[in-house]
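Student: Feature table excerpt (Swiss-Prot):
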BINDING   17-24, 88-92, 142-145  GTP binding site
DOMAIN    8-290  domain 'tr-type G'
Amino acid sequence: MPRKTPIERYRNIGISAHIDAGKTTTTERILFYTGVNHKLGEVHDGAATMDWMEQEQERGITITSAATTAFWKGMANNYPEHRINIIDTPGHVDFTIEVERSMRVLDGACMVYDAVGGVQPQSETVWRQANKYSVPRIAFVNKMDRVGADFFRVRTQIADRLKGNAVPIQIPVGAEDHFKGVVDLVKMRAIVWDDDSQGVRFEYTDIPPELVATAKEWHDKMVEAAAEASEELLERYLSGEPLSEEEIKTGLRKRTVAGEIVPMLCGSAFKNKGVQAMLDAVIDYLPSPVDVPAILGHTEDDKEAERHPSDDEPFSALAFKIMTDPFVGQLIFFRVYSGVVNSGDTVYNPVKGKRERLGRILQMHANVRNEIKEVRAGDIAAAVGLKEATTGDTLCDPDKVIILERMSFPEPVISQAVEPKTKADQEKMGIALNRLAQEDPSFRVATDEESGQTIISGMGELHLEILVDRMKREFGVEASVGKPQVAYRETIKGKARDVEGKFIKQSGGRGQYGHVVLDVEPMPQGGGYEFVDAIKGGVVPREFIPAVDKGIRETLETGVLAGYPVVDVKATLVFGSYHDVDSNENAFRMAGSMAFKEGMRRAKPVLLEPMMAVEVETPEEFTGNVMGDLSSRRGMVHGMEDIAGGGGKIVRAEVPLATMFGYSTSLRSLTQGRATFTMEFKHYAEAPANVAEAVINARKVG
């Protein structure tokens, strides 16, 4: 079956923003204007098509990134048909993992900002993730109809806080109640949308006289930005020669795709203004799969390999999300990077080393699914029937194996014990938790060996609350949850040289003999664990060295202070000895473990606690109370600024997670319910001696 839309006319984009910037409404309008969706879904009444899980509709926040396909021929029907695959991403910090994994499979992003709130904490997180995966982006300043809306202030914030080179390609006509439309700086004409047709009809008009000077100023800045795309354009621009519309667009596109500029637009999705022009900008400035570098990976024998976005290349795809669907079971969302695959084909998963048959292939429009027979390079679809695949796995042609770069997932920072309300539900709860953990790699399930309790871990209180809620709704398991526990870590500050570990058992017959000498030292923060083999002259035989490493790795799971996982250490095997008959892998595993434990005790072990970046938005009269309260929680207040558009202060602080449980309740009573806060994991830091002592003693008693 030939391809309907050439790959050059594909756009795989994400729409991401801070909570409440109007991202879901923006996506809904896209679906409406692209003719897919004939009734506008409003988040206010819980009917938005993209928000398809029950809790999302209740909370009014988007939790799961639904992937949707839409077609667009331009606001004025002036383009050949383009296919836009949209991944809707959540804006709440507890769901950062969702944003992270959608960024991994996107080619471009549209960042939505609230014209009043501007750049908020989650906006910064999303921006960092987009930088990590080098995702080109455009910015859409939404809610221009709100009181306090200020397009140019948001531009300054993008420059100051995000270090983004934002280039307006539109400026607003009016603001707040008087927001009428935009000035298109490329055409130098105003666009006014017609309210009666819900913004489907529009007209170009002359720029209002009071805006002519401002429009000219920003037009010149935009043309200069476009001219910097090439020597030739720059020379013509500097010699005073005008650039055509086409040349301006080409220059802006080149620089956007290279990540050098961020074109800026504005509108009000709720009032049906500006989204149509934003779709045109997606086509004009964001890359198609062929405009971004080929995807890199490696073959099974670890040679570097790449796949180009072409139907003629071998099939390769990345599974980026797993969902459980009540009707068809497990859905695996995947992005095809190269080649073609048909339903019924066998694909290979090199991460799991398994071949699997691809069952049905579904293309999702929010939660409405269309079954299709094949997918090609650039497509995003969902597969039914893959049992082994998990998030981040590669799917590829069994004869042309490639392993694409895996995604990195954050470690959970909070844990809770969970048990079913009735004993009969124990098994059902196990199945439910495993299913949820498969869907969400930042959610972990484990059994506490001492107490036998089931422990769930995640990125924040809201994250775990929603998962427990889903367990009840989707699997019918009611569970009670224990008090949240902090995920402490242990590390060392000092070095320990020549630490000996001997495991000897010789009582007649075959004995055990393992003897190693280690140097143990700290690694930089985030450095993880490193094992170095520095054995000379075969004093420890080659075949036993991996066993020493294994013994140390096992010991890393329970540190010497309070049994928490050990991070950021380096162990160097420097010496040892063996016995011809009695030495074996197990003996060296035990010796490695004993030596490392002793080394850790001698190398100044310390307890680390997770520190959270906290931002509180509060009316001015409560600022003192809020800051005092954060300080009493061992918080360090880093700064304070006015909330954009007036109305209070933003207090920024770094606070230990251990002191932040139940903070939302305290904040409500401190500020008569008028303040809001966001919190996300920042880094691990050494816990003060008195805190460490209390944690260690509690573990001993427990």
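In case you wondered, yes, glycine gets a Cβ from its N, Cα and C as well.
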Student: 10 Å Cβ neighbour count around MET144 (GTP binding site)?
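Tutor: For MET144 (GTP binding site), the 10 Å Cβ neighbour count is 28.
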Student: Per DSSP, MET144 (GTP binding site) is which: helix, strand or coil?
Tutor: coil
Student: If you average pLDDT over the domain 'tr-type G' (8-290), what do you get?
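Tutor: Mean pLDDT for the domain 'tr-type G' (8-290): 82.
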